[in-house]
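Asker: Encoded as structure tokens, here's the structure I'll be asking about.
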Amino acid sequence: MLNTSRVFSTRFGYIGLNFTTRILYQTREFGTSVKMADKITNWVAPNDKSGEFKRGQSQFRNFIQKGGEFPPEKGRYHLYVSYACPWAHRALIVRQLKGLQEIIPFTSVHWHMQEKGWHFASSPNADNSPGENVRPDPVPGHENYSHIRDVYFQVDPEYKGRFTVPTLYDVKQGKIVSNESSEIIRMFYTEFDDLLAPEYKNVSLFPSALQSQIDATNEWTYNDINNGVYKSGFATTQEAYEKAVTTLFSSLDKVEKHLSEVKDGPFYYGKDVTEADIRLFTTVVRFDVVYVQHFKTNIRTIRADYPYIHKWLRNLYWTIPAFKDTTEFTHIKNHYTKSHTQINPFSITPLGPQPPILGLDEEVAAVKWALAQVQGKK
């Protein structure tokens with residue numbers, strides 16, 4: 001019997017295995033030959049009549065801290081990511097905002113997820129994939145590793161979980177610290193501060209005065225927006241899709257209203273970037289580019305229908321290098337459209353929207369017209 005939990009996406013990275021119909025193969029994780037049923041979905045169990053996508057939980061939940069099993073040290077940890085993955089994108093943004101580039105090296109997998117999940121590029125920048133460190137696994141002893149799953153099996157040959165990104169790996173002990181993005185970024189906030197220059201040590205992305213508000217915001221933005229796009233796109237019934245997509249847009253409306261009322265700065269909570277900005281950005285920057293068509297979240301678009309979200313998004317992207325530098329639209333578009341063959345069986349990648357993100361003061365034609373009408377009435 002197929003362990004369907006093996007092929008679900010997880011909250012902090014997704015590993016849906018791209019199975020063909022009626023395929024017979026043998027894998028290490030199952031330990032036996034498994035005959036796949038016709039048209040089995042990667043994301044919803046075949047016997048789940050609700051058709052709703054239910055994301056699983058990450059299994060590695062250790063924490064870097066002084067005096068613990070995983071103490072903060074320069075060069076000790078390696079971060080595995082995918083530029084396509086919004087959960088991994090969080091970790092890349094925080095790594096740069098906190099100035100951890102020389103302390104925590106990283107490797108990005110190739111954008112194309114295949115039968116065995118995320119795989120490493122066969123050579124640096126294979127297939128001319130843009131982005132820094134798209135390469136084979138550089139960790140000593142990993143020379144023959146071709147997939148992220150190899151890292152997991154090295155840690156535990158009997159591992160039964162999911163092979164996800166981001167994955168934070170302890171090179172010294174040969175252990176996975178965490179594959180939980182929300183906890184990885186919070187480690188990055190503070191646990192390496194003694195190794196940082198003052199200008200980075202003083203970067204506070206989870207300030208004490210806002211922690212309860214940020215946690216409350218995270219709760220609904222995760223459920224309804226970050227995960228909501230997946231609930232919409234991976235739904236296997238009309239009812240499940242409509243439930244998810246209407247909730248998604250109700251919550252985007254809520255974000256729009258909130259941003260319209262912020263008067264003391266351009267960010268979610270005013271004058272400073274916080275965790276709320278980071279966690280929302282990685283979904284919104286992918287929204288028009290891929291989610292609108294691929295996940296059928298096409299009730300409205302960010303650039304044409306949410307002026308405050310659109311302004312907030314462009315400000316982060318164009319004025320703070322950590323956001324722009326870590327956003328790779330080629331990986332994003334190619335991964336979703338060419339890896340999710342249950343949704344897009346011919347793996348055709350749409351050319352639009354062009355450009356993938358508008359300039360800081362650029363607007364689509366409909367918005368330009370509306371602004372002109374407003375100006376004309378003044």
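Placed from the backbone N, Cα and C atoms, the Cβ positions cover glycine too.
Quantities reported herein were computed from a predicted structural model and do not represent experimental measurements.
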Asker: If TrEMBL says ARG162, PHE163, THR164, VAL165, GLU180, SER181 bind glutathione, which of TRP118, TRP220 does it name for the same site?
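Answerer: The candidate from TRP118, TRP220 that TrEMBL ties to glutathione along with ARG162, PHE163, THR164, VAL165, GLU180, SER181 is TRP118.
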Asker: Hey, how far is TYR291 (site 'Lowers pKa of active site Cys') from THR164 (glutathione binding site), Cα to Cα, in Å?
Answerer: 20
Asker: State the Cα to Cα distance, in Å, between SER181 (glutathione binding site) and CYS85 (active site, nucleophile), rounded to an integer.
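Answerer: Cα-Cα distance, SER181 (glutathione binding site) to CYS85 (active site, nucleophile): 11 Å.
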Asker: Using Cα coordinates, what distance in whole Å links PHE163 (glutathione binding site) and CYS85 (active site, nucleophile)?
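Answerer: It is 13 Å, counting Cα to Cα.
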Asker: Could you tell me the C-alpha distance between TYR336 (site 'Lowers pKa of active site Cys') and CYS85 (active site, nucleophile) in angstrom, no decimals?
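Answerer: That separation, Cα to Cα, works out to 9 Å.
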